[in-house]
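Remarks on the structure that follows.
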Amino acid sequence: MQKKDVCEYITKWVSVTISTLVTIGVLVFPLSSEAYPIFAQQNYESPREATGRIVCANCHLAKKPVEIEVPQAVLPDTVFEAVVKIPYDKQINQVLANGKPGGLNVGAVLILPEGFQLAPPERIPPELKEKIGNLYFQPYRPEKSNILVVGPVPGKTYSEMVFPILAPDPSVNKQAYFLKYPIYLGGNRGRGQIYPDGSKSNNTVYNSPVTGTITSITKNKKGASTVTIITTDNREVVELIPAGPTLLISEGDTVKADQPLTNNPNVGGFGQADAEIVLQDPLRIQGLLVFFASVVLAQIFLVLKKKQFEKVQLAEMNF
């Protein structure tokens, strides 16, 4: 009985210690909404919802365009490239987690059809490796090799990314078929506005929670602001604003509920795109070539036969 109590005590002590360390880690090293692929992997079983919406849009609220280019058709067991473009103005800077300006990072999630996967290094030709650069791709889940994520990586270098993809061979993979398949892309530039727990990052606008008068605004050494608002019923409401957004209000100003207290510093955004690719059957191509060849030969024989008939007619007329 005493041994059981000791085990329970040790278990509780370990649990409390781990919880304390995690709490301290969050306070000392605040979350960076720059690590968007990790957030999606940790919180969602699949990156694409039943509605077709990619879950990255839950944290990255602004919409921006993305592009994807793939071949119209590929042969089985061949390596092809999927080109992902995440365009943005390279001259602009974003607000970093510490409130200072910095360059934008980019990231992407590529949802391939079942059976398609990242090409192994030994199958990637040298010219394709040169296009890929130092990008590191990883599967969304160990069991989901058809879903690839990359980033965050520097946007100035990788606003255009090349994914090396290996097409499946239906003769080996019985889950693959010679069909037309959709490919889905989610791409982002810049940091998010909301963390997975629902809290705001410093890369978004902060609004007044109540209607009232601003009585004081204080800033700490790190640039964060504490805004005190007295409501019409004489309640004191304190709004904490992290370093990054620019304050639009001053002491003595009257504000309404949901009125912006800061600007919106976000310059990035998330976008979705899709494409289609055909897994082509080589026998079908061979059959098509044979058909075209037979049509050409038939036309040639028809012309020759016609000329021969004309010669016979001409000979009969001369006779």
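Cβ atoms are placed via backbone N, Cα and C, with glycine included.
As recorded in Swiss-Prot:
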type     : residues                   : note
BINDING  : Tyr36, Cys56, Cys59, His60 : heme binding site
SIGNAL   : 1-35                       : signal peptide
TRANSMEM : 285-305                    : transmembrane segment
Remark   = Cβ atoms other than its own within 10 Å of the Cβ of Cys59 (heme binding site), all chains, total 21
Inquiry  = Under a three-state reading of DSSP, tell me whether His60 (heme binding site) is helix, strand or coil.
reply    = coil
Ask   = Within 10 Å of the Cβ of Cys56 (heme binding site), how many other Cβ atoms can be counted across all chains shown?
value = 24
Inquiry  = For a quick check of packing: other C-beta atoms within 10 Å of the C-beta of His60 (heme binding site), how many?
reply    = 26
